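Peer 1: One structure coming up, written as structure tokens, with questions to follow.
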Amino acid sequence: MSRTKDPAKQAEDLREKLRYHEHRYYVLDDPEISDADYDVMMNELKALEAKHPELLTPDSPTQRVGGKPREGFVKVAHSAPMLSLDNAYNEEELRDWARRVEELSGKAEIEYECELKLDGLSMALRYQDARFVLAVTRGDGSIGEDVTLNLRTVKSVPLGVSSATLKKTHMLGDFEVRGEVIFPTKSFEKMNEDREKQGLAKFANPRNAAAGAVRVLEPNITAQRRLDFYAYFLLVDGRVHIDRQSEALDTLEKLGFKVNSNRAVFKSIDDVLKFIHKKEEDREKLPYEIDGVVIKVNSTALWQRLGFTGKAPRWAIAYKYAARAAVTQVEDILVQVGRTGKLTPVAALKPVPIGGTTVSRATLHNMDEIDRLGLLIGDWVQVERGGDVIPKVVKVIDDKDHPRGKKKFKMPERCPECGGHVVRTEGEADHRCVNANCPAKLRESILHFASRGVMNIEGMGDSLVNQLVDRGLVKNVADIYELDEEKLLSLERMGKKSAQNILDEIKGTKKLPLERVIYGLGIRMVGERTAQFLAEHFGSLDGVMKATEEELLEVEEVGPRIAQSIHEFFAEPSNRELVKRLEAAGLQFKGVKKERGTALAGQTFVLTGSLPTYSRDEAKKLIEDAGGKVSGSVSKKTNYVVAGEEAGSKLDKARDLGVAVIDEDALKKLLGK
């Protein structure tokens, strides 16, 4: 017990001691005192702060847990985008990336910093005046959710940094730490054992459990989950200020953050690959889940020179380990109906653990895939799951230990949801329900419209959408904008605050850009990327609606089938009426038209092989920005074939047809670079 008479000094001494021992226990994993001794100090500080409330500080160890349950999460813009990384799945792809880095940077020797890719939830922590003030989830990379109260309960998150430490590390401004919230394997297994004893459903995997724990509305529940936080990125006053990533990680450790010790710096890709393969061998021994290794250019000065692609930095890449697999039995084949009416066969599997997740379903894509596999109900199959990819059936096992099934699957002629006719258009692999009023199509179209990356309407999930459709409150996505408090309060488990939160979320969608609106319409074959290209090319939804198929073909990545799909969608009167109602609701129907150059206007290019400095996507974008068009196949209409290393059959065909073959340097000259 402290004998200091001054309560303020006594409280500060206790806080310093508790922070020190929390760091020893939760960050260094090297405690110096027993839990009982720690509890004595904690209780002494609680009593002192209760007696002298004016002494309570936001970064006190007593303030980790507590607070009333919240109604929802506030959305917060990131100080700088939290971008995803490009992936490499084999040695060749990693070497291609390294070669591009060397060419673009103009450096023959590059230092590569390697870190384990933890399988958790990305998080940004902000510190002002050395105190932890905000935690934001990654969200869509631009906007996340404020989960500060929950992250305060994670013991490896420092609530503050001492002035002495700041001075020692030359941290002169406010700073932001990015990292991964994970569920350590032992804690996860213990929690699932406890849930099983209580008759509760077990969590499928540590990543999902961590994400769920971060997003519960009661911080006390987060505290019970014993999560961990590993830091991997440091921003000071919104910018990178340390010369090397390896030094930034060292600084994070000095600031009191937990940083993964499985990291190293190498000067050759050969050594990087040795590190990658060694860590894959050690994977099962680690106290947490990983799904690969992140490789970064160590020099942060080169980060500026290398820059970014559309969604990822050029100075980093994630080497993803091969999918984990297991053998199990197909108990049945079910059919799901999607928002475009597509019928997708799904294998109902005997539950099997794969990479920390219990898998009981696997997509079979379409009837052609079932025929290719030669799959029968009752067969034993190999199932793979990699990262967030939906589990898939890779092959049928046919040996004496795994007898073949007997029952052949047949695609239904009537929709399992509405009984409508099912058709398969000539030249397509998919079967579709043609009933425009199919409730399954309606449900899926609304879920798509409300999903993250589209309109991002928080709270509009399966349960709410099912009620809205079943009660006839929503018959298309435009009806969402006619919902009011009275309609929402008529639904089960809906209170005033929840109803208001949903209405606020719906109102917020009116500020989202044109490409989100186009993507949200659910036009068949129009994904997020194509929607963005349409918005950039035409600059308004009216321009897209009025475009002919020929005009649509001028848009990047739009081929004949996509052009036909877009044209047919807007030719349908009910869809035009839907668009009219969405415009009346106040959604963004105008964007910024991206003007393209004319240097390569009217020229058609085909890319083949690996180019020295450009990735295929980068070369394609440069050509299209200059007014050219990139095709996937060589024909007499092709003007140039751009050939790199290991060019394939397209090069042979170009020579046969007499099409000009050029290399990357020649392409740069055509581009005026």
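Along the chain as shown, residues are numbered 1 onward.
In case you wondered, yes, glycine gets a Cβ from its N, Cα and C as well.
Below are the features listed in Swiss-Prot for this protein:
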| type | residues | note |
| --- | --- | --- |
| BINDING | D35, A36, D37, Y38, D39, S84, L85, E115, R138, E180, K296, K320 | NAD(+) binding site |
| ACT_SITE | K117 | active site, N6-AMP-lysine intermediate |
| BINDING | C415, C418, C433, C438 | Zn(2+) binding site |
| DOMAIN | 595-673 | domain 'BRCT' |
Peer 1: Cβ-Cβ under 8 Å from C438 (Zn(2+) binding site), same chain, 6 or more residues apart: which ones?
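Peer 2: Looking at Cβ-Cβ distances below 8 Å from C438 (Zn(2+) binding site), excluding near sequence neighbours, one finds V337, G341, C415, E417, C418, G420.
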Peer 1: Using a 10 Å radius around each Cβ and all protein chains in view, which of these binding-site residues has the most neighbours: C415, C418?
Peer 2: C415
Peer 1: In the same chain, outside C415, C418, C433, C438, whose C-beta lies within 8 angstroms of the Cβ mean position for the Zn(2+) site?
Peer 2: V337, G341, P416, E417, G419, G420, V422, V434, N435, P439, A440, K441
Peer 1: What is the total of other Cβ atoms whose distance to the Cβ of the residue listed as 'active site, N6-AMP-lysine intermediate' is within 10 Å?
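Peer 2: So the Cβ neighbour count for the residue listed as 'active site, N6-AMP-lysine intermediate' comes to 24.
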Peer 1: Give the residue counts of the domain 'BRCT' (595-673) per reduced DSSP state, in the order helix, strand, coil.
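Peer 2: Helix, strand and coil residues of the domain 'BRCT' (595-673) number 27 helix, 17 strand, 35 coil.
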Peer 1: Which one of the binding-site residues (R138, K296) has its C-beta surrounded by the most other C-beta atoms within 10 angstroms?
Peer 2: K296
Peer 1: Please work out the number of neighbouring Cβ atoms within 10 Å of the Cβ of D37 (NAD(+) binding site), leaving out its own Cβ.
Peer 2: 12
Peer 1: Tell me which residues of the chain lie with their Cβ under 8 angstroms from that of C433 (Zn(2+) binding site), as long as they are six or more apart in sequence?
Peer 2: V337, G341, L343, C415, E417, C418, G420, H421, V422, A440, K441
Peer 1: With Cβ-Cβ distance below 8 Å and at least 6 positions apart along the chain, what are the contacts of L85 (NAD(+) binding site)? List them in sequence order.
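Peer 2: When sequence neighbours closer than 6 are ignored, L85 (NAD(+) binding site) has V294, A312, P313, A316, I317, A318 within Cβ distance under 8 Å.
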Peer 1: Using DSSP, would you call D37 (NAD(+) binding site) helix, strand or coil?
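Peer 2: Assignment for D37 (NAD(+) binding site) reads helix.
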Peer 1: Return the count of C-beta atoms lying within 10 angstroms of the C-beta of D39 (NAD(+) binding site), excluding that atom itself.
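Peer 2: Taking every protein chain into account, the count is 10.
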Peer 1: Work through the binding-site residues one by one (D37, D39, K296) and name whichever has its CA nearest to the CA of K117 (active site, N6-AMP-lysine intermediate).
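Peer 2: So, spelling it out, the nearest of the binding-site residues is K296.
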